[in-house]
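Noted in TrEMBL for the protein shown:
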- 36-319: domain 'ABC transmembrane type-1' (DOMAIN)
- 378-667: domain 'ABC transporter' (DOMAIN)
- 35-55: transmembrane segment (TRANSMEM)
- 75-95: transmembrane segment (TRANSMEM)
- 141-160: transmembrane segment (TRANSMEM)
- 172-194: transmembrane segment (TRANSMEM)
Amino acid sequence: MLRAGTDLKTLARRFWKVAAPYWWSEDKAQARLQLAGVFALTLATTGISVGFNFLGRDFYNALADKDQEQFTKQLLYYLGGFAVGVPFFVLRDYARETLSLRWRSWMTSYYMKRYFKNRTFYKIQSQSLIDNPDQRINDDLSAFTGTALAFSLTLLNAVVDLVSFSNILYGIYPPLFVVLIVYSLGGTAISVFLGKSLVNLNFMQEKKEADFRYGLVRVRENAESIAFYGGEENELQLLLDRFRRAYQNLSELLIASRNLEFFTNGYRYLIQILPAAVVAPMFFAGKIEFGVINQSVSAFNHILSDFSLIVFQFQSISAFSAVIDRLGEFDDLLGENGSSLSPRRDSIDGINISFKSGSPSVLSSNGSQMQSEPGIVLEICDLTLLTPRGGNILITDFNMELKDKDHLLVMGPSGCGKTSLLRALAGLWTSGTGDIIYHARDSRQLQTATLGSNEPSNIKPEGEELLQSSKQRRDNGIFFVPQRPYMVLGTLRQQLLYPTWTANIHQSPTNDAQSKAPLSFLSEVSTSDGVGAKPEMPSTDELIRVLEVVRLGYILPRFNGMDSVHDWASVLSLGEQQRLAFARLLLAKPTLVLLDESTSALDDTNEVHLYSQIEAAGITYISVGHRKTLHRFHNKVLYISKSDSATGSLRNWELKPTDQKSIEESSPFAS
């Protein structure tokens, strides 16, 4: 399926929006200095080319005159010119590539920060907003910076060439200059006509190649599951189908390129004889010397190359246009400060998540005094939760208070919205209405976000603050443990410290060289405005102790200590990964933890042990699960049934103490 092509105005706007930020960034001084150096070297190489044009004229005149002495002299001039000129060409290309790398480094950092800020990466993936953002950050940014600089210098070189060689060519024979103009304009028009489909085909090729590569990555990441299912033939067929789509599009791209090449090759070869054919009658009439023919051919080729940029570079321009289109689409999605992905404050998207300090009395948003009741950890007020895209009602008018040492178990049939409730509590889903209020207590002070002067403030006065980032949630003592824990790329030590001590885990002896890199923007990792206190980083002894507590001490000798690097998602079983997630939790010491079937792969003995450990640590927790054995670790149970999405008028939840009855007897929603 072909997409509609992007118009030239949109393409130009996207190019400027993608290209401009770097040249006004914190690195602008160095960037502009390097760009000036590249331009200066480009001007120098153009001057050298003009010098070679005159040297060539005198060289061939001496050859035609059979003047050996003059020929030897011009040959020495030529060799001397090569010795002086070649370094300028090499340094120009090196300076351009160095600036391109620096520009790409800054843009990679810039886009990655925006990609991770405010959980944008999650919104893009969960809502399928664009395809393959990883390819756009890695491949497209690299292609954009390199090609943009190359084209900019080509354009500068063309302008200078045009000024320098037009005078030479016009001075030799004015009609030749007219022939050049007509030839180049005609060639450009024909090239645009023949190659108009290339932009869209290049765009689609980028997408289809990325889809195929993504399929291969999924096989690598899910190798064991595929092997258990015996799904090799199915995966092979899916991958071949994706490759077949890339092949078909590439075949169309090659046909379009072939048709263009028929013209451009003929256009390119004809110019080798065209200027000589035009000025030859003057030579035969004795009006010009033989060396002037060579000079006219050289000047003609230089100027025609400048006028024929679109003809000679059309395939590169079309590929570059596809890159601009993909990056511009990505940039439009990210928007300024992620505004294009910000939740809309209306009846569909109006769940407010805020933090309240534990001070005895705070001011509400209308200035009245609010008394913060002792012992409350979480309040949920009039919560109605909807799915983000479909708008299906999952939970209706839910109200609850959770106090210190309360432990809530969430149960219900599959698909009723149990995990979705945790997503809402974590701030990942905000579709619906109501308020979720966390109470920061004890040694934890409310961690507020530091907003720039140009950013609107969502902070409520004196002690209440809206959720703005995942880091802010962690800083206020809220921790999440999923069913399948995320295993970071790195050492066992980094697994344990993730995500609480993210800034510290990358400072290790193995990357000291990188930490001393001159590009400061590559070492900045913060993606949130909130900056809060965190527990002191655990020592190695404490890390070993917590592994023993979760009964994982045996993996230390198995993997040669804390600092060995492995593919932890592959070498650890799911049960071991879940115990490691509990180790992270015990190290972080949060106020409240959200557990999404976090012991599903564990036996009863280990499940009892881990729950007893987090309860002994004084942590309040909310668990989602199906097992009856979970009742013993909780004093409240929330039963959720599937809601009638058509009306959502009836309450579809029930909150009860666990000591009333068993789940079969107490829940009106049990099957």
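Note: Cβ is positioned from N, Cα and C throughout, glycine not excepted.
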Item checked: Contact set, same chain, for the transmembrane segment (141-160): CB under 8 Å, 6 or more residues outside the stretch -> 15, 18-19, 38-39, 42-43, 45-46, 92, 96-97, 99-101, 103-104, 107-108, 111, 305-306, 309, 313, 316-317, 319-320, 323-324, 327
Check: Across the domain 'ABC transporter' (378-667), what is the average pLDDT of the model, as a whole number?
Finding: 78
Checklist line | Intrachain neighbours beyond the transmembrane segment (75-95), with Cβ under 8 angstroms and 6 or more residues off its ends | finding: 34, 37-38, 41-42, 44-45, 48, 51-52, 55, 58-59, 153
